[in-house]
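Pulled from TrEMBL, these are the features on record:
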type: BINDING; residues: S100, E169, H197; note: Mg(2+) binding site
type: BINDING; residues: R357, D379; note: ATP binding site
Amino acid sequence: MAEGNLENCKNGSSKPTVTPYEEALDALSSLTAKRSRADESNKGDRFDLLFDYLKILELEEAISEMKIIHVAGTKGKGSTCTFTESILRNCGFHTGLFTSPHLIDVRERFRLDGMDICEEKFLAYFWWCFDRLKEKATEDIPMPTYFRILPLLAFKIFAAEQVDVAILEVGLGGKFDATNVVQKPIVCGISSLGYDHMEILGNTLAQIAGEKAGIFKVFFRTISIRLLAMHLFLNLNTIRVLISDFLRIQVFPFPIQDGIPAFTVPQPDEAMNVLVEKASTLNVTLKVAESLDAKLLNGLKLGLEGEHQYLNAGLAIALSSTWLQRTGHHELTYLEQASPLPEQFIKGLTTASLQGRAQKVPDHYINAERYGDLVFYLDGAHSPESMEMCARWFSLAIKEDSQKKAFNHPPLNNSGSTIELAQGNPQERDGKISMQILVFNCMSVRDPQLLLPRLMKACANHGVYFKKALFVPNTSVYNKVGSDALPTDSQVDLSWQLALQRVWENLIQSDKGGEAKHADAVCEEGKDDTKMGGSTCENSTVFPSLPLAIKWLRESVQQNQSVRYQVLVTGSLHLVGDVLRLVKM
């Protein structure tokens, strides 16, 4: 037994020894800072500092040689990156994928060949970067913040692991995002744009699009006089007559500006106009990728659920094909939807996986006889547009599940991956009633008056109405990275969740055709079911913690043998991660 453990035993202490991984997470947590705009007004957030960090970490040359796909956007950029990685991995390439945020473990952000980086490698690369940055830190070049060291770590990992392709998801915006130190990617992509992070990116779609277009790149190369003549469709002898004799040397350099090719998806006019203008200024060829035709999958389904994923898949196909073409792998390129998709593309698209996006997870706590009576439908939607997409997916998914003998038996493996639905005859199972419950939270910088009405209306359009809405604070603590990060203060501030509840109750009352009562009055009629300081209204409950909400759901399942609970969890990827952590324990 280690000496530290012996000492703990002697003192009767139950505090466990900190593991090397937890020590690294503590060091990472120490760098947590509030995100802000990385312009000249913020000394510690100056964008040019990133190039100092690259120099300290000796990554400048490695990044310049890396074959990168860079993707920005408001909605779907993570899914697009996931599809792209899966396609190229199935084409036989050694892939690196950097995405954000993580849901349970920070290592989810760094994937090698489709798998989260192992703990041993994470520790080695993290401390290599952290120690060097700390050693060189000064007042003018402080330690990088949490949101900057993670992309720097990704570059180190991908360089050391010598990946064939690195797929980078922009964290926030584009122009000033830490991933934008990349000067010469192979191809860039911009997924669907909408309103999000307006406190940083701007209040209009045009402003937001301008920030996202900041990843468009141009680079200069030199060509010989002979190549210049060919480029201009001129005869070389004509060029020689026009210039002095010493310029007749064929290797004389002449600068040519090339734009890195870029793709986007159909956008609102306000956003598209800005993207086109920015691309034109930089001589970037910007093309609009078409949504994938489902028929090209030969009867199979995309690995990520939801109708909107066909748009993301179309963008991923364009990015993958262009990467293959520009890196000399013409035999695998696919650029025309008129031709069949290569087998590698189909396998990549249909086997792609990404937690927290249109994901169905049955609760493992329920015993075998009731298995499937509590199912969580998880989607980290947090913008008005993605709320509609989430509602559409949830509505169609629960109707499809109602026509299947789904979840009749627990899974036979412990892989932790989403359990696929078992195919069965289209009939109701055991005559049970399906009840829809909403579990919701969102960051206070977002407007619930924009999110909740879009969710409620889109569900209602499909005949889906929530029996109850549960509002909970996130379990995760933003200044703590570890998977066991839990609030330590028992007096949780529920003012934001109570505000969400008031919005919901007013929406319900308005939908009933009468004047919207003040939600406080409605709640006074309810009773306190949370027993811990929460608030119960006619159509909703505020729980002081997520575990209490999950406990209430599980008890409801046990008390109502004839009801199947279908629980939509949305509004925040952090909330989705918290639920995953609890139901997969």
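Using N, Cα and C of the backbone, Cβ positions are placed for all residues, glycine too.
The Cβ centroid of S100, E169, H197 marks the Mg(2+) site; residues of that chain outside this set whose Cβ lies within 8 Å of it are K77, G78, T99, P101, V170, G171, L172, D177, given in sequence order. D379 (ATP binding site) has S100 as its nearest neighbour among the binding-site residues S100, E169, H197, going by CA to CA distance.
Ranking the binding-site residues H197, R357 by the number of CB atoms within 10 A of their own CB puts R357 at the top.
S100 (Mg(2+) binding site) sits 13 Å from R357 (ATP binding site), taking the Cα positions as reference. Neighbours of S100 (Mg(2+) binding site), defined as other CB atoms within 10 A of its CB across all chains, total 19. Non-local contacts of E169 (Mg(2+) binding site) by the CB criterion (under 8 A, 6+ apart in sequence, same chain) comprise V71, K77, G78, C81, L97, F98, T99, S100, T179. Rounded to a whole number, the C-alpha distance linking R357 (ATP binding site) with H197 (Mg(2+) binding site) is 19 angstrom.
Its Cβ placed at the centre, D379 (ATP binding site) has 26 other Cβ atoms within 10 Å.
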